[in-house]
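Everything on this sheet refers to the single structure shown next.
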């Protein structure tokens, strides 16, 4: 399949580029500490297997520091978010691009949740951020390639991702999250994801809504890595139940602004798909869910 070949080639180039950056970071010297053990925060310095970068845009002063790993993660999240948000600009009728993106985000998220929840008290060592980044990237890419080989599964994944993002967004509208118990949050998110999966064969616009909201949410998560308003603490406190990772989520006007812009961006994505290219969304749904003809398309393979 030529599409899979191009995806593999792109993945190889990107992976080698990220790996070379991380190796150079691990070998970097950075600035030396002063006599009292402190660092000059106006210049990059090497610490804990990464390079700390100066960032004047940080709004929440709680000890957060921008790293090279954070920059790579933030840029990746913003690009993935834009790709989902503006799916109508680059998507084909067969949904080739959305398949890989949906699978990548899903499996990268699953691998992050597993890594962070099972991280021991002694952490993963000096290069824990490299482990997080490389493992999530590799597992995400594998998931993207798997979904790229499926027929209609990516539409269900897009709807489920949107439902999950919407649930995380709703939970973030209260100090300490809207639902206080961890089991209550897990049940709430599970029901939303299940609903997203179930409505996809029935509602032709469900994948478009899901892609728009998931793209907006992922983009704002990437942006918050650079400005650090505390917006990212919402999903972190929700999905990370590790007792060794204390998390405090509270609302400020900056977090309110991030939540509001998430909604605004999602409306832009909905406009792009449902009003500018509605035929794309309808054709994809009709192609993959041909219930009117009494035919359920197979999960694997592509339309001819």
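From the backbone N, Cα and C atoms, a Cβ is placed for every residue, glycine too.
Automatic prediction, not curation, is the source of TrEMBL annotations.
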TrEMBL annotation (transmembrane segment) - matching range among 153-171, 286-304: 153-171
Across the domain 'TM7S3/TM198-like' (74-273), average pLDDT on the 0 to 100 scale: 89
